Amino acid sequence: MKVYKLTAFVSRLYFKGYGKLTGAQKVEWNNRGFSTFHALFVASASLYLLLLSGLFYEDSRDELVVNRTSTLSNSTLGISIGYFLSDLAMILFHFPALGGM
């Protein structure tokens, strides 16, 4: 998966100890790096949608809050679903090194 290769590439550039890790430790590191990026992206998008976009202001629309969507909220949901599926695939592929029992 390309995002894990990108995480490995960035890690080689910025973290000297990355090259000394074992193969299993590199997989774990890359998985955590991608997880951190996803968490930062989703948190930023969520804060923007909640505080700045006006999408969830009480008087902004007549529909229920749970039915309100935007292109950004739909894109963030799609990216999150893709992340969760790729993370699950990595856990299953590298079982038990990632996740374990």
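Using N, Cα and C of the backbone, Cβ positions are placed for all residues, glycine too.
The domain 'TLC' feature in TrEMBL is assigned to 24-101.
The feature transmembrane segment is assigned by TrEMBL to 36-57 (among others).
TrEMBL lists 77-98 (among others) with the feature transmembrane segment. For the transmembrane segment (77-98), the residues of the chain that approach it from at least six positions outside its boundaries are 1, 3-4, 24, 27-28, 31, 34-35, 38, 41-42, judged by C-beta separation under 8 angstroms.
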I'm checking region-level scores; what's the whole-number mean pLDDT for the domain 'TLC' (24-101)?
86
